[in-house]
Amino acid sequence: MRQWISFVVFSAVANVCRGTIYFLEEFNDDPFASGRWVVSEWKKSDGTDGTFELSSGKYYHDKEAAQGLKTAQDAKFYHASAAFPSFSNADKTLVIQYQIKNEQRMDCGGTYLKIGPKIDDQTQLKESTVYNIMFGPDQCGSKRLTHVIFNYGGKNLDKKRDVEMKRDETSHVYTLIVKPDNTYKVKIDMNEVASGSLEADWPFLPPKKIKDPAVSKPADWVEEAEIDDPEDTKPDDWVDEATIPDPEATKPEDWDDEEDGEWTPPMKANPAYKGPWKAKRIPNPEYKGPWSHPEIDNPEYKDDATLYKYDDFSMVSIDLWQVQSGSIFDNILLCDSEAEADEIAEKFWKPLSEAEKKQKEEADKKAEEAAKAAAEAAAADDEEPEDDDDDDDDVRDEL
């Protein structure tokens, strides 16, 4: 089981062991040939199943260390899973962390993971397979977010407010931390981007309070803060006609009342127009303020101190659709220590990210210089004088 062995070596070198590693996949070798991962056959019959391959991408600091699992075909479904010994996060922190790189500048597709109980036949993994938590970025068109979905009571619950995601061509590390006090934290590239209460930020439970169904707003309740002043009257000289007949207009000489009808002068804007008259407003002596519906305890609400808890985590899966392929998954980690996850991110993601950014900047600079040189060469070609065909004709005439 190479994924755990690699962690033990790392821990020994660091001389630190802060928690339990349940699963760590580095994709140092073919995960399917070794049997650690199983490809689903769900979409095989209709030809929409995509293939995976190992890749380090275009930019990396160490080719072997940067190697991950890459989606290799456009407009395909991707389904694969890895099983591991079952564990529960009861009374313990749960950390889910992994790296993802989208060198293809994807416009539509997911790069998330699903973690839950193992199924009997992993070749039958499909979209409807039950999971405990779904975590990671997803995008299509203008919709871009990091999913954090919990299965509770048989329903998959989306976070009430979206969490941001990264959208560029370098590697990013996504971390979800769920604690036994029913709080959570989401980090991207080791920086916190969301945190709070599970109960407050997901619709796990019905509201604690509801509007009292036995109470309604009194019929004589006055909510208008102001009213028209009953003593205010429109001035006698107030002009509210917006247009008037043009006094300078005259009937045309050729106008025939019998044939053309009675002539009326055209209308023009009234220079004395003051607009519609409105009585001034005064405070309403009957005003009682906004009416608030009284609330009562919701009889359907029952507190649950175990929202965070799942009895069986024993499988991690990639289950998604991509229009543009090329995403590289790496260093998938399940553990019970945020400090441990930070160490692994420092070891694997940080040096890779720094190298990628530097190499991409250099590549972009070279591409820009090459494009500039090509444009200058093309402009120089356009400026070269054409052969004088007339001189050739003169020479031929002399001969």
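Sequential numbering from 1, following the chain as shown.
In case you wondered, yes, glycine gets a Cβ from its N, Cα and C as well.
A quick note: this is a predicted structure, and the numbers were derived from the prediction, not measured.
Among ASP319, ASP330, ASP336, the residue that TrEMBL places alongside TYR112, LYS114, TYR131, ASP138 at the alpha-D-glucoside binding site is ASP319. Neighbour density around each Cβ, counted as other Cβ atoms within 10 Å, peaks among the binding-site residues ASP138, ASP319 at ASP319. Our reading of the alpha-D-glucoside binding annotation (TYR112, LYS114, TYR131, ASP138, ASP319) yields a largest Cα to Cα distance of 17 angstrom. Checking each of the binding-site residues LYS114, TYR131, ASP138, ASP319 against CYS108 (disulfide bond) by C-alpha distance, the shortest gap belongs to ASP138. Annotation for LYS114 (alpha-D-glucoside binding site): spatial neighbours THR129, TYR131, ILE133, MET134, VAL316, SER317, ILE318, ASP319, criterion Cβ-Cβ under 8 Å with sequence separation of six or more.
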